[in-house]
Amino acid sequence: MKIHGLETTPDIDNNNLRPPQKDEIKDGQWLGVTVRTQGQGGKVLVCAHRYIRTVSECTLETCRWGRGLCYTLTNDLDYLDQVLEPCKGRVTGHDQYGYCQAGTSGLLLNDDAVVGAPGPYNWKGTIYVQSVSDNFLDRDQTMYFSPHVDDQTPIDKYSYLGMAVTAADFFGNGTAYAAGAPRSDGTGQVFLFNRKLAVTMMTIRMIISGDMYTSNFGYELATADVNGDKLPDLIVGAPNYFDKNQGGAIYVYVNSKKPCSLKCSEPLKITGQPESRFGISITNLGDINKDGFEDIAVGAPYEGSGVIYIYLGSKNGTIPEPSQTIRGEDYNIETFGYSLSGGTDLDFNGYPDLLVGAFDSSAAILFRTRPIIGITTNVGPQSALKKIDPTSRECANKDLACFKFQACVSIQSILEGGKLKAGSGGLTLNCTLQADITRRLPRVFIESDSPQNKPSTVHSTINLGIDPNTQELEPYCHAHTVYIKEDTKDIQTAISMRLSYSIIQEPPKPIKAGAELPKMDQYPILNQQQADKVFQATFLKDCGENDICESQLNINADLDLPFARTKDMKDTSRYDLVLGEYKEIQLNVTVHNLQESAYEAELHITHSPALSYIAAVKGRCERLPKDNLVICPLGNPLQSNRGVNVSLRFEPLREVDEVQDVKFTLKAKTTSHLMEPQNDVVLVANVIRKADLKLRGSVRPEEVLYGGQVRGESEMKYKDQPGTRLRHTYEVVNDGPWHVNNLELHVEWPFQVANNKPLGKWLLYMDDEPAIEAEDGGVCDTSEGQVNPLQLRDRHNLNHPEFTPNTTGQVAASLRRARRDVEMIVKKGPDNIVHMNCRAKTAKCFKFRCIVYKLQKGQSATVTIKARLWNSTLVEDYPRVKAVHIASNAKLFIPTPSVIITSQPYDIQATAVTIAKGGGFAEQQASDGVELWMILLGVVAGLLLLLLIALLFWKCGFFKRTRPDPTLSGNLEKHTDDYHDY
């Protein structure tokens with residue numbers, strides 16, 4: 001039979017099925033989105049929050065209203081008890097009741113049904129409470145609701161109140177109703193309401209807010225008595241909570257009889273794994289372990305395939321560590337734990353069971369609770385577990401210290417009445433003993449059958465027999481010996497041991513579909529709170545009667561450096577580290593123990609990365625490079641009223657040049673209890689960088705000559721034509737104690753004669769890029785138009801060094817060849833000397849800079865500027881002066897004040913002066929025009945040519961003479977005489 005879309009039998013061919021009415025749409029109504037019961041024998045609530053009502057004679061989408069509804073059914077699901085449609089007949093419209101979505105959440109109490117509707121009034125949301133009592137005539141006919149109209153409620157739009165509901169006697173004055181509003185106030189809130197008989201609108205009694213924005217606090221709610229005080233406690237889910245390595249959260253609010261009720265104490269917050277939606281589903285499991293405290297289950301459907309966490313209650317409230325974890329991947333199911341329902345004993349074995357929904361796998365899974373066997377475990381004697389002497393050698397192995405103890409187990413009850421079933425043959429347990437469970441490397445090992453092995457975990461099997469008189473299981477005791485390993489230093493921290501028992505039994509056989517489920521009585525489980533026992537063994541220590549060493553470590557420390565000075569006053573809180581003067585830093589520390597012995601006492605020194613640990617002068621220390629940490633043992637123990645002195649050496653690294661100070665952070669640590677832990681001792685040394693710089697200027701040649709004819713600028717084609725070549729050189733020397741980075745030399749260069757016009761006559765014409773010589777290199781930045789603006793060329797028979805040009809700086813391109821303005825001649829002084837320089841503004845100057853990348857202590861760097869004296873300017877304007885002094889200026893500059901310059905002001909600026917005198921540039925130009933080597937080469941070549949010509953003549957016989965016969969000579973003479981006579 002199907003009534004209002006609810007089918008009481010899976011027979012889809014039932015002839016009694018009735019189609020929807022004309023004014024309703026049930027396709028996609030999500031019938032079953034909420035299912036709740038009153039418990040065994042009670043009614044069932046089932047809801048369809050997407051159920052739609054339409055307006056008659058209207059087919060538009062705007063005429064469809066998603067109101068939602070719920071049904072209550074009798075226990076056997078064959079009779080429709082009541083239809084709950086709280087928004088029916090109310091004003092439609094999206095900003096009123098058009099999209100109620102009633103049934104998004106729901107709850108069945110003994111006499112009432114609570115229905116959550118998050119849609120009314122722009123999704124402010126509300127809850128409705130209506131009686132579902134079987135006594136129709138006497139039932140309360142009032143429909144109660146929470147305030148949601150604009151002028152009635154503090155709840156904002158889009159708060160979604162009603163996404164989750166629960167109810168209980170939270171305040172001791174009758175049932176109160178809790179509703180979650182996961183988007184209220186940004187974080188999400190839970191509102192608790194009270195009602196008065198026949199007053200339709202309930203009142204807000206309490207508001208609980210979340211602690212993280214967009215965490216959806218209030219998305220799920222549950223009620224349970226987690227501490228057994230007979231007061232209902234509230235559990236709130238926030239599935240969108242997030243933090244580093246956390247995702248989703250639940251909050252457990254423990255109730256109190258005080259007026260503050262749920263707000264008397266801070267809630268317990270339990271978080272899940274990232275992106276797991278932990279807390280999207282919560283259910284009260286009931287008391288699954290029969291200890292008198294209700295337990296809860298929490299779903300995390302997106303942690304892998306889905307996980308369910310079981311949390312047990314206790315007298316102190318919910319235990320934050322889960323007692324059991326159930327994973328969907330073990331059952332090949334996705335979104336496992338998306339919905340949960342617990343607290344009902346479905347197989348009638350006396351223990352409540354758990355139903356789990358997994359919508360992505362279209363599955364519902366029943367987990368039945370196994371019967372719990374009461375168990376008691378004892379470890380003793382306690383005296384054997386206290387004051388263990390690590391120096392004693394009284395065990396079988398004389399080389400090691402040991403301690404012995406005995407563990408006993410007894411069964412309090414099994415199944416019913418504390419007695420075994422007839423024909424039972426006893427109980428077999430698996431026993432596991434683990435030693436030093438808090439250590440990755442245990443300090444002890446347990447005696448075993450194999451002497452070669454030194455295990456920290458041993459397993460054994462225990463058979464519990466039956467006492468023939470009482471027919472109960474007899475207690476069983478087993479002894480163990482635990483040895484302490486050699487060189488164990490930590491004798492302050494107790495040795496934690498875990499003793500655990502489990503039943504050895506056959507696992508359940510696979511169940512065929514449709515077969516009867518096996519009875520869970522055949523598969524009991526031990527009470528895990530007693531079956532898993534943790535205990536401790538403590539060492540003999542020089543401590544008080546409470547066996548707790550209460551120590552007090554105090555640190556005094558200083559550095560072997562001078563105190564910092566502030567306005568001529570010493571600042572004893574800081575030191576000065578002058579780089580270059582101090583190659584090492586010595587740290588001196590004294591640690592005193594003013595109370596009981598301190599075990600494993602250590603001094604931890606964390607230093608700046610710009611320092612490197614060298615060695616300890618006093619004491620023994622170990623360096624951990626990755627953490628810039630040095631650890632110095634102080635004693636094990638450091639006895640009462642004793643002190644230890646430690647001195648350590650550190651050296652600055654290259655990185656110290658990039659920091660303003662270096663720090664040492666000192667902390668004393670011990671495994672003993674520090675009564676009043678001292679704050680970290682911090683020593684700070686200011687990093688001081690000092691450098692004594694000196695700048696010197698020089699020229700070459702010291703004097704130059706000018707003279708000859710005046711030649712115009714347009715005639716200049718080659719670099720040697722303007723005038724005599726000269727050099728200005730600036731040398732900077734660093735006398736330390738520290739180096740200087742990016743040292744700048746700012747130069748003013750007199751390139752023209754000063755006048756009151758934009759352009760003047762050339763003076764010192766820079767024909768090549770300035771050159772810098774430094775150990776670590778450097779660069780000179782000149783602007784376009786500063787170097788050789790006339791583009792003069794080198795002659796092919798002249799060799800000039802080349803330098804790398806740069807284009808940075810600030811000088812206009814107007815320095816190129818242009819018509820010169822009428823000049824203003826600089827006047828000569830009384831000594832008949834003309835001075836042209838930048839400071840007196842008797843010369844036009846441009847500026848450029850040179851950067852020395854790094855100038856170490858004791859190093860020097862030079863900047864050389866090559867130029868030509870413009871001969872024509874001086875010949876034309878200063879033909880009869882004694883001399884013309886032309887000066888360039890330079891000054892040192894550090895762009896960042898990282899180094900303190902201790903030089904005097906006159907040491908960081910310099911001047912280079914060229915002295916020009918009249919004397920004939922023509923002769924000098926001739927000598928300058930032909931290099932000496934060329935002259936020598938010409939002489940040698942001429943001599944070789946002369947020698948070659950002489951050799952040629954000699955070969956041709958030019959130097960051989962033919963002498964005449966003496967007789968013939970006489971005849972000729974005589975004949976001649978004859979002619980004279982004639």
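Along the chain as shown, residues are numbered 1 onward.
Cβ coordinates come from backbone N, Cα and C, glycine included.
Marked as region 'Disordered' by TrEMBL: 1-23.
Here the repeat 'FG-GAP' (88-139) is broken down by DSSP into helix, strand and coil counts: 4 helix, 17 strand, 31 coil. Feature annotation from TrEMBL assigns repeat 'FG-GAP' to 88-139 (among others).
TrEMBL lists 203-262 (among others) with the feature repeat 'FG-GAP'.
According to TrEMBL, the feature repeat 'FG-GAP' maps to 265-320 (among others).
The repeat 'FG-GAP' annotation in TrEMBL covers 321-384 (among others).
For the domain 'Integrin alpha first immunoglubulin-like' (369-542), the model's pLDDT averages out at 83. TrEMBL lists 369-542 with the feature domain 'Integrin alpha first immunoglubulin-like'.
Look at TrEMBL and you will find 543-687 tagged as domain 'Integrin alpha second immunoglobulin-like'.
Look at TrEMBL and you will find 693-913 tagged as domain 'Integrin alpha third immunoglobulin-like'.
Sequence annotations record features per position, and here TrEMBL assigns transmembrane segment to 932-954.
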Its residues classified by DSSP, the repeat 'FG-GAP' (203-262) shows 2 helix, 31 strand, 27 coil
Secondary structure split (DSSP) over the repeat 'FG-GAP' (265-320) reads 0 helix, 22 strand, 34 coil
